[in-house]
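Scroll down for the structure; my scribbles are underneath it.
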Amino acid sequence: MIKIYLDEADQSHLTSISKNAATKPEWLRVKAPQFERIGNTASLLSDLKLNTVCQEASCPNIGECFASGTATFLIMGPACTRACPYCDINFDRSKRDLDPTEPHRLAEAVSRMNLKHVVITSVNRDDLDDGGASQFFQCVSEVRKKSPETTIELLIPDLCGNWQALELVLDSKPNVLNHNIETVKSLYRKVRPQGNYQRTLDLLKRTKEYFPSVYTKSGFMLGLGESDDEVLNLLSDLKNHFVDIVTIGQYLSPGPKHLPVQRFVSPPKFTYFKLFGEDNLGFMQVVSSPLTRSSYHAEEIQKLMKKYPR
């Protein structure tokens, strides 16, 4: 039976849906960024010709993260070979060569920024035989050389179900392997037409089976038309496929050509899903709030690694 931790006064918010989903509620407003500190991070990234998912995907937390000197690096170019209708990253299906200098430049950025924890992600590169696995491997290797104390989190695509490519990624020995499931099963064809719900779950399970000591992570969005029961079932599926950490955030439509927001989920509802995941299912951590994104405050994983050493 699900434990309920919310006061009666908060219960009414659990199923509240905005009548005008185009109008953001108060809790989705972000603080004005500190432009000087943002400029320092942006300048460094520009000098080293590096992309970030913060910029390419129009993340609402870019001000906070850049101001604190952190960023999620986006490797293998700023354009994706898929055109998911929720995503703001550019689309390009053409075959493109990888830049062999990218791993070195990324490692230099990590060193200059003195990062204790780095998140490396990529666009989908379905034009590559290994989906970009070898580039992930090289990036981890170069970061380890220049910053051996830095913990590394990889946020990878599904690699088209190429399990040999997945093993190559895992052979680089990241501290955290993240692959986002993004939405509930019933919405997959609509939200991720080139993805596959079960393939994502299989990737997460195979990750833990091949590399048991890695911390596994996945995330998804609310507000695309899912029901609360579907969210609970999704959390159960992730737990049954050996996921340690989950992130849950509000979907925000990038523009009129993208999927519209179906509802704005209130903060108490996010808390409800967090407590269900941690207390009922036993996840190591569920980070759940309207502005949560998969790499938001990712550096806090180091606290979990100390609490749950492997």
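Quick reminder: no glycine exception, Cβ is built from N, Cα and C everywhere.
Copied over from Swiss-Prot:
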- Cys54, Cys59, Cys65, Ser295: [4Fe-4S] cluster 1 binding site (BINDING)
- Cys80, Cys84, Cys87: [4Fe-4S] cluster 2 binding site (BINDING)
- 66-284: domain 'Radical SAM core' (DOMAIN)
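Positions of the features from Swiss-Prot, shown on the structure.
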residue	record	DSSP (3 states)
Cys80	[4Fe-4S] cluster 2 binding site	strand
Cys87	[4Fe-4S] cluster 2 binding site	coil
Ser295	[4Fe-4S] cluster 1 binding site	coil
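Just so you know, of the binding-site residues Cys80, Cys84, Cys87, the Cβ with the fewest other Cβ atoms around it within 10 Å is the one at Cys84.
You'll find the Cα of Cys84 ([4Fe-4S] cluster 2 binding site) roughly 19 Å from the Cα of Ser295 ([4Fe-4S] cluster 1 binding site). On the 0 to 100 pLDDT scale, the domain 'Radical SAM core' (66-284) averages 95 in this prediction. Those same-chain residues not listed among Cys80, Cys84, Cys87 yet with C-beta within 8 angstroms of the centroid of the [4Fe-4S] cluster 2 site C-beta atoms are Arg82, Ala83, Tyr86, Asp88, Ile89, Phe91, Val123, Asn124.
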